[in-house]
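Here's what TrEMBL has on this protein:
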- 26-45: transmembrane segment (TRANSMEM)
- 39-285: domain 'G-protein coupled receptors family 1 profile' (DOMAIN)
- 57-76: transmembrane segment (TRANSMEM)
- 96-118: transmembrane segment (TRANSMEM)
- 138-160: transmembrane segment (TRANSMEM)
- 191-222: transmembrane segment (TRANSMEM)
- 234-256: transmembrane segment (TRANSMEM)
- 268-287: transmembrane segment (TRANSMEM)
Amino acid sequence: MASANNMTELIITGLFRDPEVQRVCFVLFLPVYLATVVGNGLIVVTVSVSKSLRSPMYFFLGYLSLVEICYSSTVVPKFINDLLVKVKTISLKGCLAQIFFFHFFGVTETLLLAVMAYDRYVAICKPLYYTEIMSGPVCHRLVVGSWLGGFFHSIIQIFITIPLPFCGPNVIDHYFCDLHPLFKIACADTFVVGIIMFVNSGLFSVFSFLFLVSSYIVILFTLRNRSAEGRRKALSTCASHITVVILFFGPAIFLYLRPTSTYTEDKLVALFYTVITPMLNPIIYTLRNAEVKNAIRKLWGKKVNSRIE
């Protein structure tokens, strides 16, 4: 790979260039990342060991939280470390690896959100067939399919990027490696690969978002015939899902369906879905879900009591 290009190392400009602002960002974003890992990790552990969270919805939620940890960890640790470094560098191979795993976990999360929407659709619109449709083997296949979908998506992204010659300048105007800023330093026409990326990332995000929205619209129409208590419980669960979907897809569609630019707001939008959203997901799911909150209290209450004894 290095022999096909005139560069093996890239310089990342970062989010801000003022050293004082970078130190403030370090103080702000380090706790955010730690909260992301701890919050999502808490959900993974709780779903894994709690006997009251054995339904498919929580099975998918556990995997979603695991993917959130991995997704955030592909970008945020290096981003936080770079806030304390004057010259931010990454190898070309490291850059391609970051792109691969960033898109791998991002698309896996997208597909898991679609699976969770389908699960809610079956639970609310076809309740008599729910246990038959969402059986254990089916749930496992849906999760494996989500991981495979993310893998194949990322392989396409890497296959269209590796053949490109990069001859400088070796400066990426971003705080992490992504396709848009990397294409700008290629010394070849990137129109065709840009179209492939547009279809593979932009249109994929749009169609996934439309599928999710359509699913929840159908669910909301179905709830009109339910009792007030049934509507309240279903809406509470769906509201959490819909909030996460909007937080995740809004920024992604904004970035991947627009022409490439170097605007600071693009970096800030990317910061939202790489740093902020993964931290918000466990908060959203636990605050609006009594079963998850009770399971967490029981699990950690037992651990505290066992330590005291």
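Here the Cβ of each residue, glycine as well, is placed from N, Cα and C on the backbone.
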Close approaches to the transmembrane segment (268-287) from elsewhere in its chain (Cβ under 8 angstroms; 6 or more beyond its ends): 15, 29, 32-33, 35-36, 39-40, 42-43, 61, 64-65, 68-69, 71-72, 75-76, 79, 174-176, 178, 240, 243-244, 247-248, 251-252, 254-255, 293, 296
Other parts of the chain folded back onto the transmembrane segment (234-256), taken as Cβ under 8 Å at six or more residues beyond its ends: 57, 106, 109-110, 113, 116-117, 120, 124, 180, 197-198, 201-202, 205-206, 208-209, 212-213, 216, 219-220, 223, 226, 266, 269-270, 272-273, 277, 280-281, 284-285, 288-289
Residue numbers, six or more beyond the limits of the transmembrane segment (96-118), whose CB comes under 8 Å of its CB atoms: 1, 57, 60-61, 63-64, 67-68, 70-71, 74-75, 78, 90, 142-143, 145-147, 149-151, 153-155, 157-158, 161-162, 176-179, 182, 201, 204-205, 208, 211-212, 215-216, 241, 244-245, 248-249, 252
